[in-house]
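Asker: Got a structure for you, questions after.
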C-alpha cells in the first residue's frame, strides 16, 4: 500500500516522486527550529507552531498552484493508524509517571472511560437534534454516533506545557492520564460504532455498543499487559545488555509494535494495547536494561512521538486551506458558523457533564475528614478546560469516517471534515493561547498544597490482605475483616496499597523493576 497519494502532478520519475516528501520534511525541521525559539515564553507550543506553519505553507502552495490545492502530499488516514498513532500512544504510556498514574488510577479511568461515554452521548444527541434546525441534513445514524466519538477525543498538550509536574503532581497526573486514556477510549468506541447495525438501532443497540466496548477494552488491555510482561521477562532472563544495548531497545520497540499489529489483526484496539504495553514496559522492562539503554529509550520514544504529532498538526494546517472541500460544501456562511459553534458548545457541555460530577465522586472515594477535598473546584475548572482542545486523533477519526484516502465526494461529509479541521484549529489556537493566563489566574504563583491523594498510603503491612497458612483461621478471618473495613472506609488508598504490596512481593521479583523503597517516585 502506498503511504501517500501525491496531489501535485510531478511525473513518474523516482527523482520527482521524492520532491513532495523532501519539502514536507524540510517544513517539519522548520517547525522544530521555530518551536525551540518560542519555547521560553510557554505561550506557543509545538502544536500551535505546527498548525500556523502549516497554514502559511498551505497558503504558499495554494498561490504556486494557482488556487488548485494546498497540499504537498495527500494524507491517508490508514497511515495515521498504522504508522503515526502507535508511537504517540506508546510513548504516552511509557513516559507516564506510574506512581501518580496508579495512585490516581480509578479517577483517571473514570474520566477517560466513563467521561468519554457521557461526552459522546451528549455530542451525538445534541448534533442529532440541532443540526437539522440549522438546515443541515444528510447524516446517517452511524455518522452521528461517529461524530460523538470523534469530538470526544481530547488534546491536552497546551495545558500540560503550562502545568508543572513537581508543583502540581495531582493535577498534572489527572490531565495527562485522562488525555491518553481518553484517546484510546475514543478510538475503541469509534471502532465499536462502526460495527453497529444501524438499520436496527434501538435501546438494545446502545447496550450492544457498551458490551462490545467492554470486550474490546478488556481484551485489548490484557494483550497489552501480556506483551509488556513477556518483554520484561525476556529482558530479565536473557540479559541482552551484556552483548548489545541495541538489541534491548530493538526488542522493546518491536514487541510494542507487534502487540499493536496483533490487536489490529484480531479486530481489537491496537491503541489500547500499545498504551498498556508501554506502561508495563516502563514499569518492569525499563529496569532490566543497561543504564545507556534507559536513557536512549526515553529520548528515542519521545522523539518518535514528537515527530508524529508535529506531522499531524502540520498537515491539519495545510488541510484548512483545502479548496476542494470548501468548494464542495454547499452550506451558507451562517449555517457553517452555526455548525462550528454548535459543535464547540456541545464539546464544552459534554465535558462539564462528567468532569464536575466525577470529580465530586473522586473526592468522596478519597475522603479524609482531616484534609480538604483532593480535587478542588479550581482544579476541576483546569481539568475541564484542558479537555476542550481537539487534536490529531479527532482529525484521523474524521478522515476515516468521512473520506476515502483523504478525498470525499459527498458535500455533507465534506462539511464534517472542514468542521473538524476548524474545531481543531480554533480550540488549539484560541483555547491554547488562553490556557496560561487562565491557569495563572486560578492557581497564582503555583501555590498548591499536595492534597491527600498525592501522598503515599499509610496502611501498615500487617493489615494487608496477604493471608498466611502459618496463622490460624480466626487470625486470617480477622485480618480479612479489617481489610474489608478499610476498603469501604478509604477505597482508593486501600486498593493502591494492596497493589503496591502485591507488586513488590510477587511481580517485581519475576519481571524486574526497582523495589518500592528503591524507586524514587517512578512508580
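Just so it is clear, glycine is given a Cβ too, placed from its N, Cα and C backbone atoms.
Grabbed the feature section from TrEMBL, which reads as follows:
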TRANSMEM  18-38  transmembrane segment
DOMAIN    29-439  domain 'Cation/H+ exchanger transmembrane'
TRANSMEM  50-67  transmembrane segment
TRANSMEM  79-96  transmembrane segment
TRANSMEM  108-131  transmembrane segment
TRANSMEM  170-193  transmembrane segment
TRANSMEM  213-234  transmembrane segment
TRANSMEM  269-287  transmembrane segment
TRANSMEM  299-318  transmembrane segment
TRANSMEM  338-361  transmembrane segment
TRANSMEM  381-399  transmembrane segment
TRANSMEM  411-434  transmembrane segment
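Situate these features within the shown structure.
Answerer: If one looks beyond the transmembrane segment (108-131) by at least 6 residues along the same chain, the residues whose Cβ comes under 8 Å of a Cβ in the stretch are 101, 137, 139, 144-145, 147-149, 151-152, 173-174, 177-182, 184-186, 189, 210, 217, 339, 342-343, 345-347, 349-351, 353-355, 358, 361-362, 383.
Only residues 6 or more beyond the boundaries of the transmembrane segment (170-193), in the same chain, are considered here, and those with a CB under 8 A from a CB of the stretch are 89, 92-93, 96-97, 100-101, 103-104, 107-109, 111-113, 115-117, 120, 142, 145-146, 148-150, 152-156, 159-160, 163-164, 209, 212-213, 216-217, 220, 269, 271-272, 275, 374-375, 379, 382-383, 386-387, 393, 397, 400-401, 448, 450-451, 453-454.
Residues 113, 185, 188-189, 191-192, 251-252, 255-256, 258-259, 262-263, 266, 268-281, 283-285, 288, 510-513 of the same chain lie 6+ residues outside the transmembrane segment (213-234) yet bring a C-beta within less than 8 angstroms of a C-beta in it.
Residues 107, 110-111, 114-115, 118-123, 126-127, 130-131, 134, 136, 151-152, 331, 375, 379-380, 383-384, 387-388, 390, 415, 419, 422-423, 426-427 of the same chain, all 6+ positions outside the transmembrane segment (338-361), place their C-beta atoms under 8 angstroms from a C-beta of that stretch.
Within the chain, the transmembrane segment (411-434) has long-range Cβ neighbours (under 8 A, six or more residues past its boundaries) at 43-45, 47-48, 51-52, 136-139, 143, 147, 150-151, 155, 158, 313, 316-317, 319-320, 322, 325-326, 328-331, 336, 339-340, 343-344, 347, 385, 388-391, 394-395, 398-399, 401-403.
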